[in-house]
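Inspection log for the structure reproduced underneath, given as structure tokens.
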Amino acid sequence: MSRAGNRGNTQARWLGIGLLGLFLLPMYLSLEVSVGKATTIYAINGSAILLPCTFSSCYGFENLYFRWSYNNSETSRILIDGIVKNDKSDPKVRVKDDDRITLEGSTKEKMNNISILLSDLEFSDTGRYTCFVRNPKEKDLNNSATIFLQVVDKLEEVDNTVTLIILAVVGGVIGLLVCILLLKKLITFILKKTREKKKECLVSSSGNDNTENGLPGSKAEEKPPTKV
């Protein structure tokens, strides 16, 4: 009885975990926010940089709220926030903290883009930028993504020497393998032709020997007709 009871409790526990997972899974898959693959981007002092952000929702959205915030070790503030009424409306800004910020997003063609352009960069702009989205249609479900901006005096040139060496080595190895395969095919072809010639020579030599020895099947076997 105790084993049966334990088995029943285990099954009930796993069933409960499975049901909880099915309940929570749509929440994790519905509203997504992305700032691209790069976690850190670099920009030159005095230039402009586009901070990308897109969102997606499996259930659609209405009066979706979004905001960009900035923080570093010393300060934290909201840069811009706004509302996207629906998928046929462009994002509308409610509050903007800095005139250097421009909303570059659009929801047309299902892009769901709420990226911002930050102009006239300063070294103090270095920090973490977070794109936050909340969807009332999904019971105020929210999500966010963060990207780090590093403002530099100049962009460092990437040394591609190692990459070029690796590519050269790989290319050389591939070229060598191709040459080996071609050489192998050539040798195989030559050997095949050599065997065929040897075989022809042996057959021809055998025929000549038969003729000279008067063996059956040779011309020496033929006898002149008997005169009557």
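Each residue, glycine too, has its Cβ placed from N, Cα and C.
Source: prediction; values computed, not measured.
Feature list (source: Swiss-Prot):
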TOPO_DOM  31-161  topological domain 'Extracellular'
CARBOHYD  Asn45  N-linked glycosylation site
DISULFID  Cys53-Cys131  disulfide bond
CARBOHYD  Asn71  N-linked glycosylation site
CARBOHYD  Asn113  N-linked glycosylation site
CARBOHYD  Asn142  N-linked glycosylation site
TRANSMEM  162-182  transmembrane segment
REGION    199-228  region 'Disordered'
COMPBIAS  203-213  compositional bias 'Polar residues'
COMPBIAS  219-228  compositional bias 'Basic and acidic residues'
For Asn45 (N-linked glycosylation site), which of the recorded positions Cys53, Asn71, Asn113, Cys131, Asn142 has the nearest Cα in space?
Asn71
For Asn113 (N-linked glycosylation site), the number of other Cβ atoms found within 10 Å of its own Cβ:
18
Candidate recorded positions Cys53, Asn71, Cys131, Asn142, pick with smallest Cα gap to Asn113 (N-linked glycosylation site):
Cys53
Quick one: mean pLDDT on the topological domain 'Extracellular' (31-161)?
91
DSSP state at Asn142 (N-linked glycosylation site), helix/strand/coil:
strand
Spatial neighbours, same chain, of Cys131 (disulfide bond) - Cβ under 8 Å, 6+ residues apart:
Val33, Val35, Leu51, Cys53, Phe66, Arg67, Trp68, Ile114, Ser144, Ala145, Thr146, Ile147
Around Asn71 (N-linked glycosylation site), how many other CB atoms lie within 10 A of its CB?
13
Reported as an integer number of Å, what is the Cα distance between Asn71 (N-linked glycosylation site) and Asn142 (N-linked glycosylation site)?
19
Across all chains shown, how many C-beta atoms besides its own are within 10 angstroms of the C-beta of Asn45 (N-linked glycosylation site)?
14
Where Asn45 (N-linked glycosylation site) falls in three-state DSSP terms:
coil
